[in-house]
Amino acid sequence: MGCCYSSENEDSDQDREERKLLLDPSSPPTKALNGAEPNYHSLPSARTDEQALLSSILAKTASNIIDVSAADSQGMEQHEYMDRARQYSTRLAVLSSSLTHWKKLPPLPSLTSQPHQVLASEPIPFSDLQQVSRIAAYAYSALSQIRVDAKEELVVQFGIP
């Protein structure tokens with residue numbers, strides 16, 4: 001889309017004008033009347049297209065920034081402080097509601113209160129592991145051989161006229 005270029009002695013009028021357009025906060029964001037994003041493909045040139053896109057990105061970024069250094073907490077009145085606190089609380093509630101799926105996951109089970117003792121103990125003998133594997137294979141084969149045979153119809157038609 002663009003590149004960063006810096007030169008101390010080369011500064012054309014066009015570069016100054018582009019910098020002024022990008023850094024000018026008084027320019028309104030480019031939105032259509034219905035609130036939809038503007039159609040960048042209908043603009044006559046690619047340069048205007050890039051400028052409009054950069055202006056909209058800059059406007060969105062500027063609207064989402066909270067300047068903490070500009071807020072003087074001593075000069076703020078009580079009702080302004082309460083309004084901001086309410087606004088931040090609603091923003092946090094909206095953001096935290098999208099994270100509810102993380103709260104629904106069950107925590108990992110705690111099988112022991114002293115895992116260091118479990119990890120330091122002797123390993124499970126190989127014969128026990130083989131026996132568990134044989135039992136699991138036997139259970140799998142038994143479950144895979146279960147078949148349901150239909151002996152009669154599941155839906156019986158009654159002779160109701």
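For all residues, glycine too, the Cβ spot is worked out from N, Cα and C.
Residues or ranges marked as ubiquitin cross-link in Swiss-Prot (evidence: experimental evidence): Lys20 (among others).
Look at Swiss-Prot and you will find Lys31 (among others) tagged as ubiquitin cross-link.
Residues or ranges marked as ubiquitin cross-link by Swiss-Prot: Lys60 (among others).
Among the features that Swiss-Prot reports, ubiquitin cross-link is placed at Lys103 (among others), with the record citing similarity to another entry.
According to Swiss-Prot, the feature ubiquitin cross-link maps to Lys104 (among others).
Taken from Swiss-Prot, the feature N-myristoyl glycine covers Gly2.
Annotation comment: Swiss-Prot describes Cys3 (among others) as S-palmitoyl cysteine.
What Swiss-Prot lists as S-palmitoyl cysteine is Cys4 (among others), and the listing cites experimental evidence.
The phosphoserine feature in Swiss-Prot is assigned to Ser27 (among others).
The phosphoserine annotation in Swiss-Prot covers Ser42 (among others) and rests on a large-scale study or a structure entry.
The phosphoserine annotation in Swiss-Prot covers Ser56 (among others). Every protein chain considered, the tally of other Cβ atoms within 10 Å of the Cβ of Ser56 (phosphoserine) stands at 16. According to DSSP, Ser56 (phosphoserine) is assigned to a helical segment.
Contacts of Ser98 (phosphoserine) defined by a Cβ separation under 8 A and a same-chain sequence distance of 6+ are given as none. What Swiss-Prot lists as phosphoserine is Ser98 (among others), and the listing cites a large-scale study or a structure entry.
Under the DSSP three-state reduction, Ser141 (phosphoserine) is assigned to helix. Counting only same-chain residues six or more apart in sequence, none has a Cβ lying under 8 angstroms from the Cβ of Ser141 (phosphoserine). Residues or ranges marked as phosphoserine in Swiss-Prot (evidence: a large-scale study or a structure entry): Ser141 (among others).
Swiss-Prot lists 1-43 with the feature region 'Disordered'.
In the predicted model, the region 'Interaction with LAMTOR2 and LAMTOR3' (121-161) shows an average pLDDT of 89. Look at Swiss-Prot and you will find 121-161 tagged as region 'Interaction with LAMTOR2 and LAMTOR3'.
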For the region 'Interaction with LAMTOR2 and LAMTOR3' (121-161), distant same-chain residues with Cβ under 8 A (at least six beyond the ends): none
I'd like the Cβ neighbour count for Lys60 (ubiquitin cross-link), meaning other Cβ atoms within 10 Å of its Cβ, all protein chains included. 11
